[in-house]
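All remarks here apply to the structure that follows.
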Amino acid sequence: MGRSPCCEKAHTNKGAWTKEEDERLVAYIKAHGEGCWRSLPKAAGLLRCGKSCRLRWINYLRPDLKRGNFTEEEDELIIKLHSLLGNKWSLIAGRLPGRTDNEIKNYWNTHIRRKLINRGIDPTSHRPIQESSASQDSKPTQLEPVTSNTINISFTSAPKVETFHESISFPGKSEKISMLTFKEEKDECPVQEKFPDLNLELRISLPDDVDRLQGHGKSTTPRCFKCSLGMINGMECRCGRMRCDVVGGSSKGSDMSNGFDFLGLAKKETTSLLGFRSLEMK
């Protein structure tokens, strides 16, 4: 709840104070002092509110108030205090005994302000008018900072691709195979960063038969599948490498340089070999 009003506004007088009301207020304060302004009007027999009685006493009926116009000394003191304190009229009135804050404010707006303008002084800043106007013009206009969100996008350079043409020729054949290889160069490889010892280069090597054909100029005749397994019995192999005769449990070969080793069961010390028919599974 807010503060209750100081008096009943329906039964109070408004407007200018009469001489009789002034005499009653002065007589009561001289006899009893100021006291509480809320209860003073009823005790003094006045149909006024407490605020009205207080302002009437402070601004007009106090015995220490100065009557009459302001002197030149008071004018200069008000100008000096205003340059230091600004529009704080209650503080200025405290330095001028016998003058009220309301009286000083009215006197400033009606007389002293006009006096300063005639002297060429700005009443607000207390500086020469030309200097104050020049300082206001020289002040740069403060622009509101514009916030911009910048997004930096960096594109990695495209990997360089190098092409190499290679041709492979096989002896005994007139055909040539041309191979086109691509090589990519990347600036950064995340796999190499994690595993520096890992080699990811891919190479294409020639077949074993081609290496044997090209190696040291030697010509060798490959063996057929049956001959390599030793499954020829008393027959001439088509490759012409060897002839195998199986007699009983032993096998004799006409050419043992290549070895008749079926499933790795040949004896290296002797020339007698085990036949694959006489093996028993254990």
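Every residue, even glycine, has its Cβ placed from backbone N, Cα and C.
The DNA-binding region annotation in Swiss-Prot covers 37-61 (among others) and rests on sequence analysis.
Per-class residue totals from DSSP over the DNA-binding region (89-112), listed helix then strand then coil: 19 helix, 0 strand, 5 coil. What Swiss-Prot records for 89-112 (among others) is DNA-binding region, and it gives sequence analysis as the kind of evidence.
The feature compositional bias 'Polar residues' is assigned by Swiss-Prot to 130-145.
Per Swiss-Prot, the feature domain 'HTH myb-type 1' maps to 9-61.
For 62-116, the entry in Swiss-Prot reads domain 'HTH myb-type 2'.
Taken from Swiss-Prot, the feature region 'Disordered' applies to 119-145.
As a summary of secondary structure, the DNA-binding region (37-61) carries 17 helix, 0 strand, 8 coil according to DSSP.
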